Amino acid sequence: FHPLLCTMLRTILLSPVLCAALHLPVHLAAARKVRPPMHMVATPLTTATELGEVTPLLSGLKGKALKHYEVPTKSQVRRIVPDHCFQRDTSRSLGYLWQSMWTTAACVTAGLFIPLKLAALPLWIAYAVVTGTVAMGLWVLAHECGHGAFSDNRVLQDAVGYVLHSALLVPYFSWQRSHAVHHQHTNHLYKGETHVPTVVGGVAGECTPGGEVQLDLAKSMGESLHGVYQLFGHLTIGWPSYLLAGLTGGSKYVDVAGRLSNHFWPGAPFSKELWPGKWAAKVIQSTAGVVAVLVLLSLWAKRAGSGAVLALYWGPYLVVNMWLIVYTWLQHTDVDVPHLPADEFTYMRGAFLTIDRPYPPLIDWLHHRIGTTHVAHHIDCTIPHYHAQEATEAIATAFPDAYLYEPTPVHKALWRVARHCIAVARHSPTDPRHVFVPLATWAQRRNH
């Protein structure tokens, strides 16, 4: 990435409108000396307690994440999960890789028989949805490689992860680092990474301020329209915006100049806070893999035509990205699931704020149970996916008060989160945990 191109990308991605769409605080846009549009200017709260006690809406969890404050230690969990759940079987992992490869290849092969004509557009849309859904299984296995859960052979593991993620335009080592930070600081208001909410009355250096802006925007648009706006922003440009400019990432990794992280370039004009030590070189290695794939796609387009590449590759690619956002958004976000300030956070509290959800059996098979066994994954990310169900059952049985399973059908939960999970505020003057502010509560406060 040439520095000029980096600057152009940063200018586009840090526009105030896009900041609002993806919950990036407008003060970061201001760091570029860009004045936010007038309809987005919000009066900040003087203190975080001006709202008083915030009563969140309830999901299918019925406030469980707020009722039970103490959670088991990692050693307590380790004792009740069978030992074999922590053992990696390279042959078995490769078998699941073969499963995802042949199912994806079968979809692509079927796509070769679809004519490149406008009349076939419905078929191409169906192809993109099916192929992208199937190919998400490859993404999950690359994710497992990044965690060290694929094999005890580290060279093989990184080779598989690097190739799979590069093929999906994901910088393998860069994402490995940022995702490890996410695991280490799940639902941390300041150090969290990805889907970190803005805070009403927030203080820079402790969280991501700007919750007033998000809530005022939602109030002006209306709940349903803003929900559609959130869904569109997250599902279409959310993932590339995170990779390119750290949108929805933690404010800890924004440098003093207001620059955000870029997963393809570890320095100016972007922040280098997320890439200490060896990771700067790892970012460059990761970028090389993605660039190589882009070159191959260009050569393919030159030979077969850009239409063929658009239809066969880019359509499914967008669907893979959508699945990724659905999973990551719903795994850690709901109306009654709190986020924690620094003095309330522990690793296990963050891990037990992860949410398992009821994905259909076919999706579980294709995606290696990434959405139904994610609590166990956050407690110990080295558990292979093929042992995660057994580990989940052990955790749910031993610690029913701490384990979170939200039974709402996924599409309904996604719509609830898009409409109601806008910005957080302190739960009450005596409870420093932060919960999502209902829009009706905010509208009532603004009207007075």
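Cβ coordinates come from backbone N, Cα and C, glycine included.
Keep in mind that this is a model prediction, so the values were computed, not measured.
Positions annotated as signal peptide by TrEMBL: 1-31.
Look at TrEMBL and you will find 96-116 (among others) tagged as transmembrane segment.
Under the heading domain 'Fatty acid desaturase', TrEMBL lists 123-405.
Per TrEMBL, the feature transmembrane segment maps to 123-142 (among others).
Proximity of distant same-chain residues to the transmembrane segment (279-301), defined by a Cβ-Cβ separation under 8 Å and at least 6 residues beyond the stretch ends, is recorded for 1, 162-163, 165-167, 169-177, 263-267, 272, 308-309, 313. Under the heading transmembrane segment, TrEMBL lists 279-301 (among others).
Residues of the same chain lying 6 or more positions beyond the ends of the transmembrane segment (308-330) and with a Cβ under 8 Å from any Cβ of it are 107-108, 111-112, 114, 116, 124-125, 127-129, 131-133, 135-136, 139, 168-169, 194-195, 234-236, 238-240, 297, 300-301, 355, 357, 367, 370-371, 374, 410, 413-414, 417. The transmembrane segment feature in TrEMBL is assigned to 308-330 (among others).
Residues 93, 96-97, 99-101, 103-104, 107-108, 110-111, 114, 150, 160-161, 164-165, 167-168, 170, 172, 311, 315-320, 322-324, 363, 366-368, 370, 385 of the same chain, all 6+ positions outside the transmembrane segment (123-142), place their C-beta atoms under 8 angstroms from a C-beta of that stretch. Averaged across the domain 'Fatty acid desaturase' (123-405), the predicted model reaches a pLDDT of 96.
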